[in-house]
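As given in Swiss-Prot:
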- Glu138: active site, proton donor/acceptor (ACT_SITE)
- Lys112, Ser113, Thr114, Tyr115, Ala116, Arg117, Thr136, Leu137, Glu138, Gln157, Tyr171, Gln181: dCTP binding site (BINDING)
Amino acid sequence: MSIKSDRWIKRMAEQHAMIAPFEPGQIKHDAAGQRIVSFGTSSYGYDVRCSREFKIFTNINSTIVDPKRFDPGSFVDVESDVCIIPPNSFALARTVEYFRIPRDTLVVCLGKSTYARCGIIVNVTPLEPEWEGHVTLEFSNTTPLPARIYANEGVAQMLFFQSDEVCETSYKDRGGKYQGQTGVTLPRT
């Protein structure tokens with residue numbers, strides 16, 4: 001299993017719609033020329049953006065977080081260019097990009113150093129072979145202060161690993177519960 005280069009990522013995005021919308025280079029400035037957190041193709045990965053759709057965790061109901069019986073009322077829905085995550089809390093978002101993962105490929109997501117150095121951690125489980133959809137992103141604010149996330153700017157990097165053999169059973173074959181997700185998706189069992 002080897003990590004894939006920018007050439008492979010570009011080819012798969014352009015010929016097989018693996019990433020849409022797709023940016024073949026690194027974007028570091030907005031339309032007004034202001035610096036932003038970069039996104040787009042890097043040497044051995046793809047830096048994704050989060051959309052303007054956020055779900056900010058709150059404990060107004062004083063409930064217990066239970067992945068089998070998750071209370072959607074534990075989140076406040078926000079649509080904005082900026083998301084303020086409360087201290088020691090988290091927020092969910094989704095990528096701008098829609099992914100279609102090839103059957104012989106596994107994708108691992110890592111945070112961007114710009115956010116990590118501010119105490120903001122990104123958590124995403126691997127994108128499995130033949131999974132497709134918008135990626136639900138989880139941002140943890142590990143600081144005792146509110147933290148800011150910017151929509152339509154880079155938030156995480158996807159690394160693509162291609163196996164030397166095609167898997168016997170893909171995520172699609174298993175009927176994975178998050179297949180084809182298009183919005184911020186809460187836990188399912």
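Placement of Cβ uses the backbone N, Cα and C atoms for every residue, glycine included.
When the neighbouring Cβ atoms lying within 10 Å are counted for each of the binding-site residues (Thr114, Thr136), the highest count belongs to Thr136. Sequence-distant neighbours of Lys112 (dCTP binding site) (same chain, 6+ residues apart, CB-CB distance under 8 A): Val37, Asp47, Val122, Gly154, Val155, Ala156, Gln157. The DSSP secondary structure for the residue listed as 'active site, proton donor/acceptor' is strand. Comparing Tyr171 (dCTP binding site) with Glu138 (active site, proton donor/acceptor), their Cα atoms are 21 Å apart once rounded.
For Ala116 (dCTP binding site), no same-chain residue lying six or more positions away in sequence has a CB closer than 8 A to its CB. For the recorded positions Glu138, Tyr171, the ranking by surrounding Cβ atoms (within 10 Å, all protein chains) places Tyr171 first. Cα of Thr114 (dCTP binding site) to Cα of the residue listed as 'active site, proton donor/acceptor': a span of 16 Å.
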